[in-house]
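Colleague: Starting off with a structure, shown below.
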Amino acid sequence: GSICLEPKVVGPCKAGIRRFYFDSETGKCTLFLYGGCKGNGNNFETLHACRAICRA
């Protein structure tokens, strides 16, 4: 889906939550630390969920 093409958004908060996003340049789901607020759709709780939705 189109959410997989959205940029990684850490957001302004500082929670440091382990999440995964789809990196459209590499075609892979990658770990990042999410701040906890004001993110976007390219933000998955698990690697499996990221791969399932973005077909990585």
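Just so you know, glycine gets a Cβ as well, placed from its N, Cα and C.
Residues or ranges marked as disulfide bond in Swiss-Prot (evidence: sequence analysis): Cys4-Cys54, Cys13-Cys37, Cys29-Cys50. Sequence annotations record features per position, and here Swiss-Prot assigns domain 'BPTI/Kunitz inhibitor' to 4-54 based on sequence analysis.
Could you tell me the structural context for the features on the list?
Modeller: Note on Cys4 (disulfide bond): other Cβ atoms within 10 Å of its Cβ, all shown chains, come to 19.
Secondary structure at Cys37 (disulfide bond), as computed by DSSP, is coil.
Classification of Cys29 (disulfide bond) by DSSP places it within a strand.
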Colleague: Across the domain 'BPTI/Kunitz inhibitor' (4-54), what does the pLDDT come to on average, as a whole number?
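Modeller: Averaging the confidence scores along the domain 'BPTI/Kunitz inhibitor' (4-54) gives 98.
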Colleague: Checking your reading of the structure: which of the disulfide-bonded residues Cys13, Cys37, Cys54 lie inside a 10 Å Cα sphere centred on Cys29 (disulfide bond)?
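Modeller: Neighbours among disulfide-bonded residues, in sequence order: Cys54.
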Colleague: Spatially, and counting Cα to Cα, which of the disulfide-bonded residues is closest to Cys4 (disulfide bond)? Options: Cys13, Cys37, Cys50.
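Modeller: If we rank Cys13, Cys37, Cys50 by Cα distance to Cys4 (disulfide bond), first place goes to Cys50.
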